[in-house]
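Visitor: Input: one structure, supplied below.
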Amino acid sequence: MTMTLHTKASGMALLHQIQANELEPLNRPQLKIPLERPLGEVYVDSSKPAVYNYPEGAAYDFNAAAAASAPVYGQSGLAYGPGSEAAAFGANGLGGFQPLNSVSPSPLVLLHPPPQLSPFLHPHGQQVPYYLENEPSGYAVREAGPPAFYRPNSDNRRQGGRERLASTSDKGSMAMESAKETRYCAVCNDYASGYHYGVWSCEGCKAFFKRSIQGHNDYMCPATNQCTIDKNRRKSCQACRLRKCYEVGMMKGGIRKDRRGGRMLKHKRQRDDGEGRNEAVPPGDMRSANLWPSPLLIKHTKKNSPVLSLTADQMISALLEAEPPIIYSEYDPTRPLSEASMMGLLTNLADRELVHMINWAKRVPGFLDLSLHDQVHLLECAWLEILMIGLVWRSMEHPGKLLFAPNLLLDRNQGKCVEGMVEIFDMLLATSSRFRMMNLQGEEFVCLKSIILLNSGVYTFLSSTLKSLEEKDHIHRVLDKITDTLIHLMAKAGLTLQQQHRRLAQLLLILSHFRHMSNKGMEHLYNMKCKNVVPLYDLLLEMLDAHRLHAPTNLGGPPPEDMSQSQLATSGSTPSHSLQMYYITGEAENFPTTI
């Protein structure tokens, strides 16, 4: 048998022919769709050179002749890439696979059929570093791009995002925890370093008060004893700074009555407060309830408040004990009264009475069961009515005169020195005469004053929310309790049932006159402020602005022209800053009654 000899080239061609015949049933014709318009910019024209720049600065020419390129599979079914049968397998062996003793630097990848995307655009804007060349010798793959093109797994990115979100939320919760502990100095409104001499104060005001009570404190104000004390101007006037220290409640003892007893008593009180919060606040509202200052947390539910179980005698005793102390004015009888001097005396006296009024309100039974916002709002609405009923009560024994303080007794003629004051004087004198005719008793007076406080803003700030409805119901229950106490006093005095009803109606009708006088007084005080007759104190000024915002004339109408947007933002929706600061830190029972 004769064996035909073949050269190496003819032998390889024969081998390729045999393999092509065996694989011919598997081949399918390539479907070619004619293009209706020219290729876009993202497609490659094989007739043009293609050079692509990578971020690392290396340029790759994909139309250059590739030496020893690895073939790849096409995407159309099981067929190999288009081209001649011999070229479909490349030049390196069967099916284009690398020999076992060689390692290809390029991976075997699956690519799109022609027309091919020039380099394939990833949705995230990254370019895939594999590219198919259309050469006469067959399809080949260029080497993969630099390792810098490696794209992280999407799951890893999501996990990293979740970790960043978790760390951000942890930082946010830590920031909120630290914000809840932020306290401000009651004197200058700087950051407080601790609880010193009975109030939260900074190191500077603490040291100043310590030096003042230990050494000489005969400070003299170079102005009118009305200097503003804040963070930037606290060192400008020592006299006014010391006066403000006393006004906010600083005392020589340095320990409040409810803080005596040492560390064990402090821990016991904290445990009691925690138990009270758990009873009063639902679990879902615990986080929001902790934002309020601890002395004002509600410790009892409204329906189970111990105030509602008080007897009439216990209610009277509590109201009498809550009465504020007597305050003296700065009146100098040797100096004649003028418009500026009289308004200065009255505003100074009112400003100091406001601080004592805050302490009195907190001792009214049932008042502390309300939220902080509602307590401050009631005070903002009723403060001038409360001052006026106290003035009328003190003036009952002085017909034709008004007793503003034990050392300040004014008649109608003296009120003429202030423009517009005579009308208010006449109304106050008429109400005092009415009290005198009715022979108003001290127990009835304290009940009427408490009714003014609780009834002043109950219909102006409560919304239809469940919490507001609960507050409204609680206020009405306390008002009913005080009304029952009034009836008990009348019955105890020996009045018949008909006389009790008549006297109760007469007393309650007088309260409407106090509301009318209060509105007149607010208008007059506001006019004096606009005329710059007298500089108002910070607390009195904020109370005046808050009352104007709560007044019915401003509901739905434009705000006062002289108020800035920041004042509207703070006063309209939240309690006044100065009043809230006095409310939380002020201890009026320790204030001096004279200056």
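Glycine residues also receive a Cβ, built from the backbone N, Cα and C atoms like all the rest.
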Visitor: With the ranges 59-79, 185-205, 374-394 to choose from, which does Swiss-Prot describe as zinc finger?
Guide: 185-205
Visitor: Of the residues in the DNA-binding region (185-250), how many are helix, strand and coil by DSSP?
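Guide: When I sort the residues of the DNA-binding region (185-250) into the three classes, I find 23 helix, 7 strand, 36 coil.
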Visitor: Among all the protein chains here, how many other CB atoms are within 10 A of the CB of GLU353 (17beta-estradiol binding site)?
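Guide: There are 21 of them.
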Visitor: Provide the number of Cβ atoms within 10 Å of the Cβ of HIS524 (17beta-estradiol binding site), excluding the reference atom itself.
Guide: 17
Visitor: In sequence order, which residues at least six apart in the same chain have a CB under 8 Å from the CB of ARG394 (17beta-estradiol binding site)?
Guide: LEU403
